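Chemist: Feature table excerpt (Swiss-Prot):
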{"type": "BINDING", "residues": "39, 45", "note": "NADP(+) binding site"}
{"type": "BINDING", "residues": "128, 129, 130, 246, 247, 290, 305, 306, 307, 308, 309, 331", "note": "FMN binding site"}
């Protein structure tokens, strides 16, 4: 499978094309739009989330509620585009340059992207570099999550920490309803209250906050990925996918950083054979060994830096005059940490769905289901 996204933050729409989905997968906008709503949620978001009420349209590849095997085209309209039609016009003219953005924002793509692509109007950089693009990736990921659910795989995400405040309650699959009900995507009510206070203070200060997200998947068959070649190792592919999301700066699988300071005897997960199957009583590895799923729960933690657009701008330079300036201010969030967990579950879900198809193949969902079931039976009897 593969996909491509296109579109700018304030352009008419975001577009995604997915190629390689098996046919006969039940799919409709009701499988995608709830994920888009989750992405827009969370305490600390800005006014853009009020303007946009994201809904996907399926333009190809699905008929009568099932994929056909043809490329699937998804479109998400940018409602705010009506306020930007002249500035974002693709036609030659003076209006776009009248409001040129020339004060590069530290921490953003502005300066480096301007140098790379030779833009002096930095809007030509930020419009595509914007995290608005993640709406398209969530739509794509929602399709992948639908495929995984048809193969018996379930995912979850929550906020492990925000602004230095940690979720102290250990994760449990029984807490999913509480996580979904929380505007901070944490089951820890005390931590959520402290996070809100921290966000409110940051907003008053014109500042932003980052955090750590945890994403989990259960029900994965043994052997997704490979140890044979570097580019087929699933942990590397998951890390790349996570770090490709705007503002994500670090990835941990299992208890990686804690494990780094422990002796091996306290790190590696002992294997036992009980009741006719292989079991581990611990999961320090986070469900991946030597680049392959081992049948345990996949656990991925991702560090998100604070959003780079500040309401109290940092010092920078005007790229036209080279004079000192305050960084440009764009409408932004105080934090998007809760939404980031949703995005990360979707992008990791894509990697896992891709790995499923690579290992098991099949032009149709029934073929794929049969092969996954056979692989699970083999691993059970091994």
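We number each residue from 1, going along the chain as drawn.
Here the Cβ of each residue, glycine as well, is placed from N, Cα and C on the backbone.
Tell me about the surroundings of these features in the structure.
Modeler: Take the CB of residue 45 (NADP(+) binding site) and look out to 10 A: across all protein chains shown you find 20 other CB atoms.
Within its own chain, residue 128 (FMN binding site) has 8, 9 as residues 6 or more apart in sequence whose C-beta sits under 8 angstroms from its own.
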Chemist: Could you tally the C-beta atoms, other than its own, that fall within 10 angstroms of the C-beta of residue 307 (FMN binding site)?
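Modeler: Summing over all protein chains shown, residue 307 (FMN binding site) has 23 other Cβ atoms within 10 Å.
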Chemist: List the Cα distance (Å, whole number) between residue 247 (FMN binding site) and residue 39 (NADP(+) binding site).
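Modeler: Just about 15 Å between their Cα atoms.
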Chemist: For the binding-site residues listed here, 130, 309, which shows the highest count of neighbouring CB atoms within 10 A?
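Modeler: The residue with the most neighbouring Cβ atoms within 10 Å is 309.
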Chemist: Would you identify which of the binding-site residues 39, 247, 305 has the most other C-beta atoms lying within 10 angstroms of its C-beta?
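Modeler: Per the Cβ count within 10 Å, the most buried is 39.
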Chemist: What whole-number Å value do you get for the CA-CA distance of residue 130 (FMN binding site) and residue 45 (NADP(+) binding site)?
Modeler: 15
Chemist: Where residue 309 (FMN binding site) and residue 45 (NADP(+) binding site) are concerned, what is their Cα separation in Å, rounded?
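Modeler: Cα of residue 309 (FMN binding site) to Cα of residue 45 (NADP(+) binding site) measures 13 Å after rounding.
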Chemist: Return only the integer: C-alpha distance in Å from residue 39 (NADP(+) binding site) to residue 305 (FMN binding site).
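Modeler: On Cα coordinates alone, these residues lie 17 Å apart.
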